[in-house]
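Annotation comment: TrEMBL describes 103-120, 127-144, 182-207, 219-241, 300-322, 334-352, 364-394, 406-430, 442-460, 466-483 as transmembrane segment.
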Amino acid sequence: MSSVLPHDSMTAPAWRTRFIAFITQNPKTTACFLLLSWILCHPWFGFWHDGLLYLGQALHQLYPQNYAHEMYFMHGSQDDYTLFTRVFAALIHLIGASPAGQILMLIANAMWFSLIYLIFNRMLADSRLAVVACLAAMILPAFYGGQNIFWFNEPFLTSRSYSELAALAGIYCLLGRRTFSALGWMLFATLLHPLMGLGGLLVWYVHLILRPTFIHARTWAISAAVLLLIAVAVMAFKHVGPFARLTLTYDQPWWTLVLGFNADVLLRIWSTDDWMLKGGPLILYVLYLRLAGPGRNRTLLHALVITAVLVALVSAMGGDWLRNVLVLSVQSWRAFWLFQAILPGFTLAWLMGHSRQLPLPAKWAATLAVLATLMRHYDVCLAFAALGLALTFVRDIPVRPQLARILNIALGLIVLMAVITSTLEASVFISIQFTNTRLQLLDAHMVAAAIFIVLIALCAWVSRPAFTYGLLLVFAVSTLATWDRRSPQEALFESAAATNPFSPLIPPQDIVLWNQFKPMPWLVLNRSTYANPMQGSAVLFNRDFAADFITRMTVLFRHYETKQCDRKLWATSGCDDSARTITPALCHVDHRINWIVSGFKAPYPVAAHWDIKTADFPNGLNLYSCKTWLALPYAPPAQAPAPAKASQ
């Protein structure tokens, strides 16, 4: 690694001097360019992933009569523990679902970057290094959970989007020694998303223990923790609210479903890929501790690492081993997100800022730590990590300058190749998720970072304020113009709730079967859905829901099952509708099914046809009434299997 801050402007290349001089003299303008680059690589794809589940919760708030028979809400909902969906519902009521989602997502993206920039700027005390830290946060993988399910600043709208903002505001206050302001923000984060806010509270607590900010702070903190644990125990044994789950364990049938639908919450299921995302930053942390002096930054990093270790132990022992319902449901490992968002970017920026004073082994150790993180999918990442960790404890290696230069260039090229590979993986992920979205290349974070560097280089080269502000304006307009990257089908469905021909025919209390992975009846029809694989995320929290969910999914699978349609394909809605499946027999599998929506044109009475032309439904959509189909004389008799007995 070479220094980003040249100490001798006479020996540094002219372009490099001008580039850094521009960032130094124009920190606010540079931050604006970086903000737009951040937004560019965090586009709006519509309601997808968990964002669709939170949309359903907001619609449930607005139209409870439409979801009175919705399985996802009948057994309780995560919506009971967040303020976010109430605000989301109010905004939907004012301007509609799609505009509300876009506005909240854009604000969340802008605020997330602004807060992480302020945090890095306060930690590094240098706006130039803050830019480096933000670029590292942009380029390095953002995943913090198992199986790449969760990542910070997710490109879809959930209560996590705003809980993270509150927690970051709390971290910023911690760095300014505003202890109680930080506590207020962490508590607010918990009200928005308890599982995410809990991580912020733990970091705040550990930080207070390590660096007390008022008299008897440790005594008060330890006493409060003891009282809190006693209160939780009392509420658990008195069966008060969710704390009653502390006395419950997963029985074998329920545990089997958790393994099938929520395996990512179990640390023992996590792969080398998942753990290397923590291992690489930990090497950087150890390297920083060996090189840097004491200060507030060390305290925060200590708090992040100690919190990460504690939550991993709690999750592994209470969740994986003891199978405790509350411990596993809380998913305390989610506190990893703060560790993942702050530690790698800060340590890399600090090391780069001091690279001229670093011994050669330290530079190589940092490079290998980054390589281990970027190449986590390959077995060689373990060798990189082990060698990098070993080098952190080596003071010096006698190497000829020419050989050292060759090794530095080779490692730099390997890092560049790893970054490009990671960028391509991100592009492939987006192309698989959204086959018809626009401008897929811009979704890769490395591309957005490269655009930022090119634009800053142009501004530094021209060195005219009018050109800089004009370019910033053009970049802002083009970023906002391309930020909405929904496919035409997604945009159509998000705006169809009030205009589609099906909703007027479907009574509010009826249940709709639509064979898709996600609950399309919520998004398009504002009606209850019979069952969709995406809803399996709630299996973890409630046994009654788990039993109801698997019963419905099983009867549907038995109806669709063929040699080509196995359980794995069915779980991803890969089994298409056909003449064999879209028949009156489908209504017989469960008499709770009132309506069927399908792109297949069945030779039976059609209640309505929606003449749309989309990639997934080139022949439009059809609505079938089970009431009509069940009245047909040739409807085959069938009995649905008895629902699984469920008890809490």
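If you go along the chain as it appears here, the first residue is 1 and each next one adds 1.
Including glycine, each Cβ sits where the backbone N, Cα and C put it.
Per-stretch counts of Cβ pairs under 8 Å to the transmembrane segment (334-352) identify 127-144 as the leading one among 103-120, 127-144, 300-322, 466-483.
Between the transmembrane segment (406-430) and the stretches 103-120, 127-144, 300-322, 466-483, the greatest number of Cβ pairs separated by less than 8 Å involves 127-144. Within the same chain, residues 31, 34-35, 38-39, 42, 44, 88, 91, 95, 129-130, 133-134, 137, 153, 155-157, 161-162, 164-165, 168-169, 171-172, 175, 341-342, 345-346, 349, 483 sit at least 6 positions outside the transmembrane segment (103-120) and bring their C-beta atoms closer than 8 Å to a C-beta of that stretch. Nonlocal intrachain contacts for the transmembrane segment (219-241), taken as residues 6+ away from its ends with a CB within less than 8 angstroms of a stretch CB, comprise 205, 208-209, 247, 326. Sequence-distant contacts of the transmembrane segment (182-207) (same chain, six or more residues past either end, CB-CB distance under 8 Å): 81-84, 158-160, 162-167, 169-171, 173-174, 221, 225, 299-300, 302-304, 306-307, 310-311, 330-332, 334-338.
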